[in-house]
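S.K.: Submitted below is the structure of interest, expressed as structure tokens.
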Amino acid sequence: MEPTIIQQAMMGFQSFSGYIYPNEYELQWSLLIVLYPYLTGLVAGAFILASLERVFRVTVILPVYRLSLLTALAFLIVAPMPLFAHLGHPERALEMLWTPHLQSAMAMFGFVYAWYLLVVLLLEIWFDFRKDIVMYSKNSRGLKKYFYLLLTLGSTDISEEALRFDNKMCKFITVMGIPSAFLLHGYVGFIFGSIKANPWWSSVLMPIVFLFSAIVSGIALMILIYMVTTLFRWKKIDMGCLNKLAEFLFYTMIVDFSLELLDFIHRLYESEESIHILSQLITNRLFVSLIVTQIFLGSIVPILGLIVGRFGKLPDELRRIVYFLSAVLVQVGIFSIRWNVVIGGQLFSKSLRGLTVYKVQLLGLEGLLMTVFLLILPLFILYGIVKILPPWTDSELEVHK
Amino acid sequence: MKKENKKHLGRRQFLKKCAKAVCTGLLLSFVEFKNVWAKQVGNGDKSAERKYAMGIDIHKCIGCGRCADACKKENKVPREPHYFRTWIERYIVPIKGEPVVDSPNGGIDGFPELKGDKGILKMFFVPKLCNHCAHPPCVQVCPVGATFTSRDGVVLVDPKYCVGCRYCIQACPYGARYMHPEKHVADKCTFCYHRITKGLLPACVEVCPTKARIFGEVDNPTSPIRRFARLHTITVLKPSLNTEPMVLYAGAEGMVR
């Protein structure tokens, strides 16, 4: 009797099959490299969400505007860490900045990152919070006063004219920041999409798919963070804001899902030399992470959830639960996408004749524990940043009774 | 007042000197700046150009594995079975269906005997190594320029510069690169660069008992590789990827990849 797809999937996790080049037994990019596009995606997504308020004047999402900026910063700080931890010679990492090879997509990482962190994100946050920082430095005492004074960078003028200038600058940086966010994550997609040796990666759609999945993950993350923070602050959730976020999440998910479907159909229709090994890859090695987790649990279920939550007639409490669960599933789905790209692309041989296996380590620099640590770390950093620069807008505050 | 003036003057002089130093530093750094970018050297010097290539005659290879063994010894490649600068594949082509390929320990210990040859159309051996492509994807992607093409067309890795990001290993379509387990840098065939620059043959070519491997300068009319290319129908691996390999195969069918 022929083994079922699920049996094949189970067998697939246990052994090599077919022929793989001898140098391919060791997988080159591990769980940490799955984490890298996942984290940068969250950064780009959170920033683009923030820019909706600033540039496109979607004022209803004002409660998450500043929080999104700080979230983007917290995740951006952690984003290069998995890359450093993964290098064979981390001590030589800065050579990419000092002596970059300009033809290499990877060499651009330092510049894209520095641009995004220093020019876009930090500058925008500074201009946006400058008035608050000056007020804190005036109203605090002791070390705290000097700390905030340091953060003002000597610019303590909060006259109306100065604030108008801040506002203008903020808008200008955000306008610049949108293509920068596109660049940041589109670039990460390009790193994979430009590898012609790998038929699973090599696709012109890769940067665009990465970009939209980034926006999806960023919005879903902000829904989660907004809900959790309001809960812990004992405040009432602004349902108008939450509904709008869910709406945006739904629209971007439709675009993202359509793009992925297009990529899939295109590959199937072109049916190139690699199609046999790629179909084996999907039915055998990636069945759980692609069909079950990415497509079903990570895309279809949350899309249905968002339709019911946003457009159905539900009481607010139930609506919040539906949104929350959908956003959690979206995160699982997006992580699966990163896994399926990074790990999936290495599970078949470039001889196109065999499949290999990946065993996740528990300990060590590239292990599971390290990954979990790097996933949680941005949340702690965010907690710290929020303590220093509270992003809450007081008008929305209402004591939850 | 006078004292203050003197002090002022001193400060001004100091600032002037500082400004001069900064300007000089900036100018100097601009002069050197263009040398910072990692780039290929030797392109302009056509007179020194020699292009090496290797020819592989599939009909002559008997799969003895001496080449892969000699390579490991000559280049101190780790003996573990999953690190190879060169290896041999065996293609078993059935009368019906897809060919079966194997390469136990890279072919160093030979190949297990096939029990019964019913249903087998033919069988042959294919030695593999870095293709020293004229358009090497590995060189293109290296973020620091640690992997580069030498002026004689040999693709090399500078182990003192490689950051170990493994991007080149991903970009190589031929599986010819591996991460050195002790040095933590990318490693691959160099055409035995330390030997060929002294006029010797690569170790794998030297030990091949059937002369299945041929090596020489492409541009030299009396070179063995020119004769090899003249007498055989030549193919390269994965030509659709436009890498322009410098390892030329005679007798490799389309199924070889």
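Cβ coordinates are placed from backbone N, Cα and C, and glycine is handled just like the others.
Feature table excerpt (TrEMBL):
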TRANSMEM  A:29-52  transmembrane segment
TRANSMEM  A:64-85  transmembrane segment
TRANSMEM  A:105-127  transmembrane segment
TRANSMEM  A:172-192  transmembrane segment
TRANSMEM  A:204-228  transmembrane segment
TRANSMEM  A:286-309  transmembrane segment
TRANSMEM  A:321-342  transmembrane segment
TRANSMEM  A:362-386  transmembrane segment
S.K.: Contact between the transmembrane segment (A:204-228) and the transmembrane segment (A:286-309) is defined here as three or more C-beta pairs under 8 Å separated by at least 6 residues; is that satisfied?
M.R.: no
S.K.: So which of A:64-85, A:172-192, A:321-342, A:362-386 is most in touch with the transmembrane segment (A:29-52), counting Cβ pairs under 8 Å?
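M.R.: Top-ranked stretch among A:64-85, A:172-192, A:321-342, A:362-386: A:64-85.
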S.K.: Where else in the chain does the transmembrane segment (A:204-228) make close Cβ contacts, counting only residues six or more beyond its ends and a cut-off under 8 Å?
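M.R.: Contacts with the transmembrane segment (A:204-228): 37-38, 40-49, 63-64, 67-68, 71-72, 182, 185-190, 192-193, 237, 241-242, 245-246, 248-249, 252-253, 255-256, 259-260, 262-263, 266, 320, 323-324, 326-328, 330-331, 334, 337, 341, 382.
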S.K.: Counting only CB pairs under 8 A, let me know which of A:105-127, A:172-192, A:362-386 has the most with the transmembrane segment (A:64-85).
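M.R.: Ranked by Cβ pairs under 8 Å, first place goes to A:362-386.
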